[in-house]
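What follows is a set of notes on a single structure, which appears directly below.
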Amino acid sequence: QINLPVICQYVDYLVNEQNVKNVFVNGTTGEGLSLSIKERKQLAEEWMCQGKDKLDHVIIHVGALSLLECQELARHAAAIGAGGIAVIAPFFFKPTNKDELVAFLQKVASEAPEVPFYYYHIPPLTGVKIRVEELLDGIKARIPTFQGVKFSDTDLLDLAQCINKNETGQFEFFYGVDEQLLGALAVGADGAVGSTYNYLGRQANLMLQAFAKPDLALAQKYQFLTGEFLNFVIKLGFGVAETKAVMTFVSGIPMGPPRLPLVDASREFIVKAKAKLDSIVWPDDV
């Protein structure tokens with residue numbers, strides 16, 4: 001079951017301990033697609049309520065398999081004052097080309113005509129491999145609120161072409177593959193949305209600062225160390241349940257078990273992952 005009272009503590013932890021002031025609610029890590037519509041609304045409301053005056057931006061993911069549910073969630077997000085909404089491609093009956101995908105997204109975005117709209121591109125999970133570069137052509141005419149993309153794919157060529165086309169800077173591109181964020185920054189990504197920033201947000205922010213300076217050697221150090229941890233846990237088997245377990249032992253906030261069909265992280269995983277994370281010496285710790 002969802003645990004609403006813990007969100008107040010969660011917000012304070014992100015802001016004060018991780019220097020994270022923007023959240024993406026009901027996405028992959030939050031198991032948004034495993035929740036009922038009622039639960040998703042309750043979570044969105046709680047994040048908006050607890051984040052008031054503490055968080056800069058709250059983007060709410062409103063994607064679902066049913067267009068009607070997406071539209072209902074989009075209207076709700078607008079009503080509670082969300083800073084943005086995002087939608088993944090439907091992944092059972094899939095759009096087979098750009099026009100079909102844009103038509104779906106347009107029907108959702110039009111229900112929240114004042115709210116910035118983001119496409120959540122995550123082909124490893126949706127199986128929808130329509131290139132974002134292609135999607136962007138003429139999209140502002142079809143979806144006036146289109147603001148950008150959460151780009152959760154390893155295809156940096158596609159991302160680079162998107163950014164190359166975005167000469168006026170009207171769109172934002174947030175990268176979602178945490179272990180190669182630095183590569184995405186190098187081709188022009190604006191920022192990142194990812195699960196590791198729950199517990200490595202401070203280090204990710206220091207990497208962003210180093211890249212902006214630019215101090216590439218320092219930025220690389222942060223990326224390599226993040227990669228060292230992720231490479232280790234991926235080999236053990238690393239999914240949403242394991243992410244919850246890591247966040248729980250790092251933050252001390254009980255993130256709870258996942259919902260079936262996902263199963264809880266093993267005790268062995270937790271012991272090994274904690275030992276590995278504790279062994280990493282970050283540049284700012286020296």
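Backbone N, Cα and C define each Cβ position, glycine as well.
As given in TrEMBL:
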- T29, V193: pyruvate binding site (BINDING)
- Y120: active site, proton donor/acceptor (ACT_SITE)
- K150: active site, schiff-base intermediate with substrate (ACT_SITE)
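TrEMBL feature annotations superimposed on the structure.
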residue: T29; record: pyruvate binding site; CB count, 10 Å: 19
residue: Y120; record: active site, proton donor/acceptor; CB count, 10 Å: 25
residue: K150; record: active site, schiff-base intermediate with substrate; CB count, 10 Å: 27
residue: V193; record: pyruvate binding site; CB count, 10 Å: 23
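Considering only the recorded positions T29, K150, V193, the residue whose Cα is spatially closest to the Cα of Y120 (active site, proton donor/acceptor) is K150. You'll find the Cα of T29 (pyruvate binding site) roughly 14 Å from the Cα of K150 (active site, schiff-base intermediate with substrate).
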